[in-house]
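Got a structure for you, questions after.
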Amino acid sequence: MISLLSVPQPRKSLVKGERFIRSDYKTETMEKKIRGMLRQKFGDLFRTLPRHHRAVQRATFATHPTFSTVDAAEVQKFSDKSAEWWDPEGEFSMLQLLNPPRVAYVRDQLNTNPARPSKPFEGLRMLDIGCGGGLLSESLCRLGGTVVGADASGDNIKMAKLHSRKDPMLWKGPGKLDYRHTTAEDLLAAEESFDVVLAMEIIEHVNQPLDFLRTCAQLTRPDGRLFLSTMGRTPIAYGLTVLLAEDILGLVHKGTHDWSKYIKSKELIDAVHSFGQEWVVESVRGIRWDPILRKWHVFEQEGMVGIGGFESLEVNYILSARRRIITQETLVA
């Protein structure tokens, strides 16, 4: 069962996957508790803890959805900062540093093309949904992937295209790069499909996250992979990503993160399993920041998400799921 907040269990009659439903009362109660707990230590700084009073309605899923999970305010937020995507001193510098370990994780999970280790993604059609300025898309292309980088912000796509023109290696193959100003829903409506779908650091910026995830799953071909990364909705995640990164250090502008949209790893795993018996989560690992070396590290131990293995201490994490080809043997097993 899936929830966006740690609230009492809903009626058992709810379909698995429906608990991306948030009540105003429960959300406010949880945030008041966290605000009070943190204020005892840090005083008035925690008066800025965000409050959510919006309920996410029950999802209905069509093969070709007519809804949109795009959050216009979030799109505008990143459009305003589109010029900084590749600035090593800009607001996306931490995301730039996160790119190498997450690419390495994708490479290790796919474990394809051992004959050409320098081009592990050759022959794979890959979708980087919410590609922003192309940080991940370019890396996938350089490693041989046929990549579609899609984003709801036209400004982000313009910046991605502009930067890609500076590197002729992106256009010499075997990888291919195609940037599109579009959405996951529009790609599905156009009957697009991919061997690998990557939704990295985007789930917490969309409306109706379960709808968005299901659309990503439908874009994934049988025997394909779905990669997801986001942040857990825990007090420590609020303290690090909002209080510290936004309010104290100013690494990113205020309002970049909406803590109440963060999703715990167990919730995300349940969401993937709700898509049907063909879906299996093969890996989930936490990602930690080393402030001394200024590097991100993916935990080596499988299933280790929070610091020390504690769910309450999870912040960033990454997940890999596979869409199995269902056979009679699979059903029996």
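Just so it is clear, glycine is given a Cβ too, placed from its N, Cα and C backbone atoms.
TrEMBL labels come from automatic prediction, so no person has curated them.
Among the features that TrEMBL reports, S-adenosyl-L-methionine binding site is placed at Arg102, Gly130, Asp151, Met200. As annotated by TrEMBL, domain 'Methyltransferase type 11' applies to 127-228. Here TrEMBL flags Glu201, Glu204, His205 as Mg(2+) binding site.
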So if I draw a 10 Å sphere around the Cβ of Asp151 (S-adenosyl-L-methionine binding site), how many other Cβ atoms end up inside it?
29
Any same-chain residues 6+ apart from Glu201 (Mg(2+) binding site) with CB under 8 Å of its CB? Would you list them in sequence order, or say none?
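Listed in sequence order, they are Leu95, Leu98, Gly130, Ser229, Thr230.
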Which whole-number mean pLDDT does the model give the domain 'Methyltransferase type 11' (127-228)?
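Reported value for the domain 'Methyltransferase type 11' (127-228) is a mean pLDDT of 96.
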Under DSSP, the domain 'Methyltransferase type 11' (127-228) has how many residues in helix, strand and coil?
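Summed over the domain 'Methyltransferase type 11' (127-228), the classes give 42 helix, 31 strand, 29 coil.
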Only counting partners 6 or more residues apart, tell me which same-chain residues put their Cβ under 8 Å from the Cβ of Glu204 (Mg(2+) binding site).
Thr230, Met231, His257, Asp258, Lys261, Tyr262, Ile263
Mind computing the max CA-CA distance among Arg102, Gly130, Asp151, Met200, which the record assigns to S-adenosyl-L-methionine binding, rounded to whole Å?
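Output for S-adenosyl-L-methionine binders Arg102, Gly130, Asp151, Met200: max Cα distance 19 Å.
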Are there any residues in the same chain, six or more apart in sequence, whose C-beta is under 8 angstroms from the C-beta of His205 (Mg(2+) binding site), and if so which?
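The answer is Asp71, Glu74, Phe78, Gly130, Asp258, Lys261.
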